[in-house]
Amino acid sequence: MSNFSLQNNTGTVLNVTVVPDHSTQLLIWITAVLTIVSVGTVANILLLLAIAIHKPLRKSSSSALIAHCIAIDLYTTAVTVPTSTIPVYLGPGYYLPRDFCKYQPLFVVFVYPAGMYATCVVAIHRLIATLLPQFFPRFTKRRVIVILILIPWIMAMASDAFPTAGIGLTMQRLNATGSCSYVASGSNWYSVLVFTLVTTYIPTAIMGVSYLMVFVKTFLDIRFRTANGPGIRRRLEISRTLFLSFIRHCISLYPLNILIAFFAKEFSANFGFQLGMRWLLNSFAAINPVFYLASSKLFQQGVREVLRCQWRCRGQGRSVKPLHGRSRQVRRLPLGTDQVDGTSANNQTSRVDTMHRLAD
């Protein structure tokens, strides 16, 4: 008889006994987790390339912050989930380095609070763009964007420094399960509550309120303004995409917390359900690209552009021999419109410029 530990990034732990006939379920679970994170790694790479290549996405005022969140998801699928999941399958009998768990808060699981803070920063950034458009240009400067990207990492490192140093709670390998888990130091059970409050509940509350205010203001602008420009429509589309990602995050995280906190006995009796809930949590960063692609035409266009490799043809000139013997230089524009000798080859240039302009 062996044991299995069900835990989440907030430090809540549930020890579950695994009898031999559960080994098949555990094998199916680890296969499903590693498969989904492998696909998610590729999908997150495509999203990052889409932001870098597709001009309407690249010109968005929040593009760098959104790319930052996707990069965190990429690290989660490629490093964090496999590192935290494989030891559970291997079990407690498998040898791991002595400090394998001790420094995980600084190198592995720190991306969970960092991702939470990063998405919170994006929500606040969208809120400022919606409610304070006259001051928003100050928040689009490169220096400010760099600071906004650094803030989540500073906060995540600060919060995870405490368990690494053994203050309040620690990350330990459980002898009965083989997994790494947050454990309260002594009788300081409240330290886990404070850690969860700071890294999970407060950021999600801020995100929820921010997106609610963004949607209300944007819908009012669309309904009552006589000029219904593409900038407002694009603001609504991007905000809707980010809000759906936020909802998916809550669905992945909160049910497990609630079940462990209030229905631990009943929850521990159903091993298959436990594995399913943990899969839901581990698959968040991998499934997140689905919400981006399903709810945003901009990301759909960007991924198509990446897959067609149009970016390889940008800036490459080709010589066309004219009827009168003088060569003309033809340059390929991003959306496929040709420009000859500095003049437009057709009358769609203005429409192309309009499509490329993304006003948040």
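Just so you know, glycine gets a Cβ as well, placed from its N, Cα and C.
Features as listed in TrEMBL:
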| type | residues | note |
| --- | --- | --- |
| COMPBIAS | 340-352 | compositional bias 'Polar residues' |
| DOMAIN | 43-292 | domain 'G-protein coupled receptors family 1 profile' |
| REGION | 337-360 | region 'Disordered' |
| TRANSMEM | 26-53 | transmembrane segment |
| TRANSMEM | 65-90 | transmembrane segment |
| TRANSMEM | 110-132 | transmembrane segment |
| TRANSMEM | 144-169 | transmembrane segment |
| TRANSMEM | 189-220 | transmembrane segment |
| TRANSMEM | 241-264 | transmembrane segment |
| TRANSMEM | 276-294 | transmembrane segment |
Long-range Cβ contacts under 8 Å made by the transmembrane segment (144-169), restricted to residues 6 or more beyond its ends, are 11, 64-65, 68, 102-103, 105-106, 109-111, 113-118, 120-121, 125, 138, 182-185, 188, 191-192, 194-195, 198-199
In the same chain, which residue numbers or ranges, 6 or more beyond the ends of the transmembrane segment (65-90), come under 8 angstroms Cβ to Cβ?
4-5, 26-27, 30, 33-34, 37-38, 40-41, 44-45, 47-48, 51-52, 96, 100, 104, 108-109, 111-112, 114-115, 118-119, 121-122, 125, 145, 148-149, 152, 173, 177-180, 238, 242, 282, 284-286, 288-289
May I ask you to check whether the transmembrane segment (241-264) and the transmembrane segment (110-132) make contact, with contact taken as at least three Cβ pairs under 8 Å and only pairs 6 or more apart in sequence counted?
yes
In the same chain, who gets a Cβ under 8 Å from the transmembrane segment (26-53) while lying at least 6 residues past its ends?
4, 18, 63, 66-67, 70-71, 73-74, 77-78, 81-82, 85-86, 88-89, 275, 278-279, 282-283, 285-290, 292, 299, 302-303, 305-307, 310-311
